[in-house]
């Protein structure tokens with residue numbers, strides 16, 4: 001008896017790791033499509049059937065931890081997942097043996113699912129809620145053991161309660177821990193690659209992308225691309241006059257407009273305080289010039305709304321260079337683009353300067 005319950009516990013723990021690896025951050029919300037909720041329910045239902053197969057028979061009744069998969073389905077999937085898991089577990093139980101005990105167990109497990117569904121409506125389910133659910137479901141199961149199918153073994157009830165509560169609490173702890181760890185990993189990964197303020201690449205990720213593009217240019221005949229540097233005109237004055245929080249708002253809006261103007265495959269980055277850069281792979285010289293002008297006009301034509309409601313007209317200066325039209329060495333593009341950016345600032349700002357130099 002204790003051995004079979006322990007086997008159930010080890011199966012449960014193994015499933016929890018597989019479950020979190022399969023669904024990852026999708027476990028933190030239940031607003032999935034019905035089909036995806038059904039997939040969660042199928043996984044929990046399969047677990048319930050496996051637990052019954054590895055349970056033990058006591059006076060024509062199967063004793064196992066199938067109540068825990070129902071709780072997992074409700075808390076991390078919703079009503080569709082719960083209904084799917086219940087259907088699988090019910091069918092599995094009736095197929096194993098069809099008797100009075102099986103019918104009682106089906107009724108009890110369906111009733112036990114109701115508190116889990118009620119708790120699942122909470123935005124955040126804590127371990128204490130899981131503990132309360134286990135107390136309720138275990139009480140229902142013990143009631144069925146004792147009064148409906150005459151299982152009066154106090155040793156059986158004690159072992160079941162200990163293993164069930166341990167398994168249920170451990171299950172939710174593992175799922176929560178693994179899910180939070182995955183979300184934290186995603187957050188760290190995002191912070192390693194993206195600028196936290198604007199949502200575009202940071203300097204390090206942009207340099208990695210640029211080096212990869214240099215290598216592609218060296219390996220691919222007739223490959224062409226452009227590099228655009230841009231700088232917000234008089235940004236220091238904006239910070240001094242409106243404050244750094246409004247300066248941040250300008251940076252955010254520029255990042256947003258930049259992403260809306262270029263292709264999804266064009267890497268954009270914030271490489272300095274108010275300096276941005278864009279790579280245009282597989283882009284001709286004429287097309288790159290048009291894109292640069294479109295970026296400039298997108299920023300200058302519409303004022304930026306600050307957090308205090310004021311509208312601020314902002315302009316940018318852009319410098320650009322193209323491979324192979326401006327140079328035969330891809331690695332020299334940053335120097336040429338930076339020179340053109342300096343020229344754009346020196347000749348009046350709010351303009352695009354494209355390199356005409358051929359090295």
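Here the Cβ of each residue, glycine as well, is placed from N, Cα and C on the backbone.
The transmembrane segment annotation in Swiss-Prot covers 4-24 (among others) and rests on sequence analysis. Beyond its flanks by at least six residues, the transmembrane segment (4-24) meets 40, 43-44, 47, 50-51, 54-56, 63-65, 68-69, 72, 76, 159-160, 163, 166-167, 170-171, 174-175, 178-179, 182 of its own chain at Cβ-Cβ distances under 8 Å.
The transmembrane segment feature in Swiss-Prot is assigned to 36-56 (among others).
Annotation source Swiss-Prot lists transmembrane segment at 68-88 (among others), citing sequence analysis.
Here Swiss-Prot flags 94-114 (among others) as transmembrane segment.
Per Swiss-Prot, the feature transmembrane segment maps to 129-149 (among others); the stated evidence is sequence analysis.
The annotation transmembrane segment is assigned in Swiss-Prot to 155-175 (among others).
Mean pLDDT across the domain 'GGDEF' (223-357) comes to 94 in this model. Among the features that Swiss-Prot reports, domain 'GGDEF' is placed at 223-357, with the record citing sequence analysis.
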